[in-house]
Amino acid sequence: MVERALAKSAPTATPHQPAPSTAHCKMVFRAMGRVLRRGRKNEKKSAPEERRLYLEPDYVRACITESELRPLITLPPSIELNEWLATHVTTFFGHVNLQYSAISEFCTAETCPLMTACNVQYFWQDERGKKVKCTGPQYVDYVMSCIQTTITDESVFPTKYGRDFPNSFEAVVRKFFRLLYHVIAHIYWCHFRETVCLDLHGHLNSVFSHFVCFAREFNLLEPKEAAGLDDLVEALCNARIARNHGKER
C-alpha cells in the first residue's frame with residue numbers, strides 16, 4: 001500500500017494533457033493531423049483497411065521491451081489479491097491516459113463524432129444507468145475522470161494500514177479494465193496512424209500486451225467484450241514468441 005500511496009500523492013496527468021516526452025512531437029505533427037483528418041472525409045470506403053494498419057508485421061514487432069510478462073503479472077505469494085489488482089489498475093490507468101493524451105488533439109468531435117472501435121459504438125452509462133451517446137473525446141474524458149476520482153477515494157482504494165478493500169472491489173476493477181480497453185481499442189482503430197507518426201506504436205503495443213495478459217490472468221475482461229482486437233493479440237503473441245525464439249538460437 002505504501003507504493004500506491006506515494007503514487008496517489010504524485011502529480012497525475014489529466015485527460016487530454018500531453019505527455020511531456022511527446023509534446024514537441026505533437027507540435028511537429030499538428031499540421032499533419034489536419035491533413036489526415038481532411039483525408040479521412042474523402043476516404044470513407046478505405047477506412048476499415050487503414051484502421052488495420054496495426055496488423056502490419058513491422059508495426060506488430062515494435063515494442064519497448066522484450067522482457068517476459070509472466071513474472072510481471074503473477075500474483076506474488078506475499079501480496080493480497082486486491083492489493084495486486086489495485087496497484088496494476090492504477091498503473092494501467094496512468095499508461096493509457098498518457099498514451100491517449102499524446103494523440104488527443106487528433107481525437108475531436110469532428111474526427112470522432114461517435115466513440116467507436118472495432119466496428120462497435122460505445123455508449124457511456126450515467127449514474128442512473130442511462131446510456132449516453134458521446135463523441136470520442138467526451139467518452140474518454142468520462143472514463144479518465146471516473147477512474148481518477150475512484151482511485152483517489154480511500155473507501156474504494158485504501159492506502160492506510162488496517163483499512164480493507166470493499167466487497168465490490170473486483171467488480172470495480174473489472175469495470176475499469178473494460179473502460180480502459182475501450183480507450184485502447186479506440187486508439188488502435190481510429191488513431192493508430194497518428195500514433196505511428198509520433199513513433200509511439202512500440203509503447204502502445206507494450207502497454208496493450210501487458211494489459212491483456214494481466215486481464216486474462218485474473219479474468220478481468222469478458223472474451224466477448226475484448227474480441228474486437230483478438231487478431232492483434234494473436235499477432236503480438238506470435239511476434240513475442242518469434243523474438244524469444246531468435247534469442248535462443
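In case you wondered, yes, glycine gets a Cβ from its N, Cα and C as well.
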Exercise for the section: From the ranges 1-21, 43-63, 148-168, grab the one TrEMBL calls region 'Disordered'. Expected result: 1-21
Practice task
Which residue among the binding-site residues His186, His191 has the fewest other Cβ atoms within 10 Å of its Cβ, if you could check?
Solution key: His186
Handout entry: Candidate with the highest Cβ count within 10 Å, taken from the binding-site residues Cys107, Cys112
Key = Cys107
Handout entry: Additional residues around Zn(2+), ordered along the sequence, whose Cβ is within 8 Å of the centroid of Cys107, Cys112, His186, His191
Key = Ile103, Phe106, Thr111, Gly136, Pro137, Val140, Ile187, Trp189, Cys190
